[in-house]
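Chemist: According to TrEMBL, the active site, proton donor annotation covers TYR49. The substrate binding site annotation in TrEMBL covers HIS111. Residues or ranges marked as domain 'NADP-dependent oxidoreductase' in TrEMBL: 18-300. Summarising the annotation, TrEMBL assigns site 'Lowers pKa of active site Tyr' to LYS78.
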Amino acid sequence: MVSCSKQKLRTGDEMPVLGLGTWKMQNPKQVVYQAIEAGWRHIDCACDYDNEIEVGAGMRKAIDAGVCKREDLWVTSKLWNTYHAKEHVKAACQKTLQDLGLDYLDLYLVHFPIALKYVPFEERYPPEWTYDPASANPKLEFADIPLHETWQAMEVLVEEGLVKNIGVCNYSAPLVMDLMRYARIKPAINQIELHPKLTQEALLDYCGTQGLAITGFSPFGSGSYVELGMDRGHKMLEEPVLQAIASSHGKTTAQVLLRWGIQRGTSLVPKTSNAERLKENLNVFDFELSEEEVANISAMNLNVRYNDPGEFCKGMGGAYPIYA
């Protein structure tokens, strides 16, 4: 079993730098179990992924089989946009804990800086982006809830022992600046899209000055966005620069991408449902990229974002350009 390096957070807690992404995962119970068996100890979840029950079953299977203990795992989940009101945050967290079969989360993140109209659990769960997904023309319904109200409710989760660390996803530098002014319990993490086509150096640098660790999602680029029509025709794993570097180290392009992210000081949440690639993607701690190789990969930057509500929400009767 491969051991994974860890990233120290402002709370003193140490989080494995590689986490298994579970968005759009096939056979989540089996894959999560196989991942833990292979050495993965960080599982990245979310209400919106619509698989927390199955992911939790995979974790419990591993624990029951003696592969690991609960305290060996780092479990991250995320607060969905429809639960931003202070009276809904705790219930949303408790629902996630119930589905995962856990007593606490190691990390709970605000998934997007976007508040949508509340949808009760019994009406639809997970609630998705649009308020009326079954209608002929599904629409977004925004809610007038300031981000500071949501954060105050997140802080209560820490104080009540439901979560150990709190953080955010998809926050720009101005949003982080604002958050740092009002937060009593400071955010531990900003989880953002991060790959060679979107290197985000300025945001990484600023978050570093504020003590926020960075987790990168979609480290392999556009692959998960093809069926959504958001991939822009890019094929990250086939980029010649990456293939040449991978060949020189006897590694795969995926391993090079993960190594690049780790050497930039970030943690990463790659996704795969393939048993061999689960092992392969953990095997990135026995080589290093040169400074020149890191720079050459970073030079691929095009400031291309695949996961952008400012774009994909246009088809839902509105737009939310959080990166404008």
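Placed from the backbone N, Cα and C atoms, the Cβ positions cover glycine too.
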Chemist: When you measure from the Cβ of TYR49 (active site, proton donor), how many other Cβ atoms are you left with inside 10 Å?
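Modeler: There are 20 of them.
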Chemist: Would you please pick out, from the recorded positions LYS78, HIS111, the one with the fewest other Cβ atoms within 10 Å of its Cβ?
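Modeler: Lowest Cβ count within 10 Å among the recorded positions (LYS78, HIS111) is HIS111.
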Chemist: Rounded to a whole number, how many Å is the Cα of HIS111 (substrate binding site) away from the Cα of LYS78 (site 'Lowers pKa of active site Tyr')?
Modeler: 5
Chemist: Between the Cα atoms of TYR49 (active site, proton donor) and LYS78 (site 'Lowers pKa of active site Tyr'), find the distance and write it as a whole number of Å.
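Modeler: Spelling it out, the Cα of TYR49 (active site, proton donor) and the Cα of LYS78 (site 'Lowers pKa of active site Tyr') are 10 Å apart.
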Chemist: In the three-state scheme derived from DSSP, which category covers LYS78 (site 'Lowers pKa of active site Tyr')?
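Modeler: Going by the DSSP assignment, LYS78 (site 'Lowers pKa of active site Tyr') falls within a strand, counted as strand.
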